[in-house]
Amino acid sequence: MSYASQIIQILKDKNPSQNEFHQAVEEVLTSLEPLLSREKKYQDSAILERMVVPERQIIFRVTWVDDKGKIQVNYGYRIEFNSAIGPYKGGLRFHPNVNVGVIKFLGFEQVLKNSLTTLSMGGGKGGSDFDPKGKSEMEVMRFCQSFMNELYRHIGAHTDVPAGDIGVGGREIGYLFGQYKKLTNRFDGVLTGKGLNWGGSLVRPEATGYGCVYFAQEMLKDRNESLEGKICLVSGAGNVAIYTIEKLHQIGAIPVTASDSKGMIYDKEGIDVALLKEIKEVRRASLEEYAKAKPSAKYTKASDYESGCNGVWSIPCFAAFPSATQNELSAKDAKILLQNGCKCVSEGANMPSTNEAIELFLNAKICYGPGKAANAGGVAVSGLEMAQNASMHPWSFEEVDQKLLGIMKNIYQNASSTAKDFGDPTNLVMGANIAGFRKVADSMIDQGVV
Ligand code: GLU
């Protein structure tokens, strides 16, 4: 059994039923095989054994009182995965399906993603099984305050810097920051994704979506292709999906879909971003409202479609941008996309494709940008927000956007040249994993057995 396979087996035995975590580790470790057999130092230093175990895992109770006066209890998590190249950095996810396995998969991915950005950020992730859907503004605020009542003692601008993820946007970061300040009496750059008036960075809300499109453009440029005039599918309707759609319009592509937990919309005229923002960001309503307001859009209810992100992946397209959540794109969906002539998949979400779907994309040799490379723009601009906070000097929109573009180009070049070096030029999964891993692993070796 290879070194990587042994570690995967031990991990599964020691962490039963953490399926998403097993999946993320298996994908990465398997793709590292060519590096591990070329360089024995990683095995000699027990790097894989160390990298799959988080440096610290914090699990806490979050107690709060709902609008009816009833006491509610949720699980809170912060998993500080790896600090070899910088303070722990990564988002908080509030979603009912959050558990230890989900946070560990996200934290593990974050370590390699942050390494690829070239900025000095380690990896961590946190969150709660709290469901913000249907909660009042005051319930969300009380929950965030209670969550921070425990979290504040573990985080710091040079220790651990959380941000947003699914269910955590500007509103939640505001309540979390307010409570952090109240408890510590410090105005620190301890969270990113802050409001512009109080230390946030321009382009942070747009960064993941814009970056994901920049990454797709880089992949396609290498094959003398472009997104201009092309039909694109986007899943999800949160921050990542919205700004992916916005950027696709800006570069002359035609994004025709969006989806939420209840269904999906297919608007062949192209998704109206202003309307989508109004429904999702202001009214926090279902996508059904979009179809009611725009006659060119067809609404499909989730229950009418058994898989494939409520039917998004069944529409013929040139490029696909999975931007909803983990495992939203199965092997069945991948087959349909490929049969319909899809040439490019750029992942805005974390681990949206199953390992079987990834295999199909790699075998078909289409442009496939794995999440940890393609969606790194979000955390990269978080890193730029930390730099602006430290220097007390805010940058302009153009300045941040240019830096984001430069970072995404660099991630592509790094992943692509590493893939070439290891003999599989179109395999950006291997390229990104090896490139991200090497920097962290070499830093761990430099810093001794700690
Ligand atoms: N949650 C985002 C991600 O998955 C952003 C994290 C951050 O900005 O720290 O990378």
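Backbone N, Cα and C define each Cβ position, glycine as well.
The active site, proton donor annotation in TrEMBL covers K125. The annotation substrate binding site is assigned in TrEMBL to K89, Q110, K113, G164, S382. Taken from TrEMBL, the feature NAD(+) binding site covers T208, N239. According to TrEMBL, the feature site 'Important for catalysis' maps to D165.
Feature annotations (TrEMBL) mapped to structure.
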| residue | record | contacts (Cβ under 8 Å, 6+ apart) |
| --- | --- | --- |
| K89 | substrate binding site | Q110, N114, M121, G122, G123, G124, D160, V161, A163, V379, S382, G383 |
| K113 | substrate binding site | G123, G371, K372, A373, N375, A376, V379, G436 |
| K125 | active site, proton donor | Y77, R78, I79, F81, G90, G91, L92, R93, I103, K104, L106, G107, Q110, D165 |
| G164 | substrate binding site | G91, L92, G170, E172, I173, G193, N239 |
| T208 | NAD(+) binding site | N239, V240, Y243, T244, G348, N375, G377, G378 |
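Between the binding-site residues N239, S382, the minimum number of other C-beta atoms within 10 Å of a residue's C-beta occurs at N239. Other Cβ atoms within 10 Å of the Cβ of Q110 (substrate binding site) number 27 in total over all chains. Other residues of the same chain near the substrate site, with their Cβ within 8 Å of the Cβ centroid of K89, Q110, K113, G164, S382, are G90, G91, N114, M121, G123, K125, A163, T192, G378, V379. Counted within 10 Å of its Cβ, the other Cβ atoms near D165 (site 'Important for catalysis') come to 27, all protein chains included. Across K89, Q110, K113, G164, S382, which the record gives as binding substrate, the greatest C-alpha separation is 16 Å.
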